[in-house]
Amino acid sequence: MNTLNQTEQVQDDAEDLSQRRIRSFVLRQGRLTKGQARALETGFPQFGVNYAPELLNLNALFNRADSKKILEIGFGMGETTAKIAQVLPDCDFLAAEVHTPGVGALLKLIQENELNNIRVIQHDVVEVLHNMVADGSLDGVHIFFPDPWHKKRHHKRRLIQAEFVQLLCTKLKAGGYLHVATDWQEYAEWVLEVLNAEAQLENTAQDYAVKPSYRPLTKFENRGLKLGHGVWDMVFTRK
Ligand SMILES: C[S@@+](CC[C@H](N)C(=O)[O-])C[C@H]1O[C@@H](n2cnc3c(N)ncnc32)[C@H](O)[C@@H]1O
């Protein structure tokens with residue numbers, strides 16, 4: 001192991017010991033653009049949800065009862081979230097992300113596109129699910145390009161793990177869906193194995209699914225596809 005790896009290992013171990021749970025993200029100081037800062041200030045009061053260990057009333061949050069309620073996990077800069085919310089106006093999206101610039105960016109998109117069907121929460125989604133989302137209340141869960149945590153010793157940080165998938169299943173309605181997409185083949189195989197092993201889930205495809213039309217191709221993904229890189233979608237439903 002070289003010195004850099006040793007330092008990383010020590011940092012990893014220290015973090016693991018200091019936390020009750022291994023997290024799927026590392027918080028980095030991110031620079032906010034002026035637009036993102038303004039959107040946080042003006043948009044969060046209307047479209048933001050503060051973390052609190054109390055169950056959310058999703059119908060009240062979106063001010064309608066007849067819509068499908070979808071949780072998006074780790075929306076990054078929110079481009080995909082905003083596009084999907086536009087093409088699926090009958091669905092409401094609770095979008096979770098931990099990084100402040102991303103939260104500002106999505107709030108900016110919500111304001112620019114006058115979207116009423118997104119609410120944003122800045123918190124670890126594992127805690128949000130445990131403490132704020134009622135059992136059997138979600139029609140769908142979107143997880144697009146979760147951090148692949150390439151190194152073997154970091155695999156424990158991967159969001160998609162048996163225990164996490166079980167938690168998602170308790171929050172999904174019967175017939176609700178879980179859609180995961182990744183551009184890292186080894187992680188795709190890992191995700192497929194974990195989802196196949198969960199007895200409460202059923203694959204909608206033989207293995208990988210055809211990309212559902214609501215998920216837009218991002219610039220990054222398009223570039224990768226042109227270079228011959230793959231993207232794998234997996235769509236499972238809750239029995
Ligand atoms: C690789 S990025 C993908 C972003 C976006 N979905 C996309 O397709 O561009 C993964 C994101 O998941 C977020 N994330 C990871 N673990 C999370 C957690 N436990 N709760 C909320 N967000 C999380 C990270 O902060 C990061 O922005």
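Every residue, even glycine, has its Cβ placed from backbone N, Cα and C.
As recorded in TrEMBL, the features of this protein are as follows:
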BINDING   E72, E97, D124, D147  S-adenosyl-L-methionine binding site
BINDING   K151, D183, T218, K219, F220, E221  substrate binding site
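Sequence features, as recorded in TrEMBL, placed on the structure.
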residue	record	DSSP (3 states)
E72	S-adenosyl-L-methionine binding site	strand
E97	S-adenosyl-L-methionine binding site	coil
D124	S-adenosyl-L-methionine binding site	coil
D147	S-adenosyl-L-methionine binding site	coil
D183	substrate binding site	coil
T218	substrate binding site	coil
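Residue pair D124 (S-adenosyl-L-methionine binding site) / D183 (substrate binding site) shows a Cα separation of 23 Å. One residue stands out among the binding-site residues E97, D124, D147, E221 for having the most other Cβ atoms within 10 Å of its Cβ: E97.
Looking only at the binding-site residues E72, D183, the densest Cβ neighbourhood within 10 Å occurs at E72. Between the C-alpha atoms of E97 (S-adenosyl-L-methionine binding site) and T218 (substrate binding site), the distance comes to 18 Å. On the backbone, the CA of D183 (substrate binding site) and the CA of E72 (S-adenosyl-L-methionine binding site) stand 18 Å apart. Taking E72, E97, D124 as the candidate binding-site residues, the subset whose CB lies under 6 angstroms from any atom of ligand 1 consists of E97, D124. There are 9 other CB atoms within 10 A of the CB of K219 (substrate binding site), with all protein chains counted. Take the CB of F220 (substrate binding site) and look out to 10 A: across all protein chains shown you find 12 other CB atoms.
Rounded to a whole number, the C-alpha distance linking F220 (substrate binding site) with D147 (S-adenosyl-L-methionine binding site) is 15 angstrom. Across the residues annotated as binding substrate (K151, D183, T218, K219, F220, E221), the two Cα atoms farthest apart lie 26 Å from each other.
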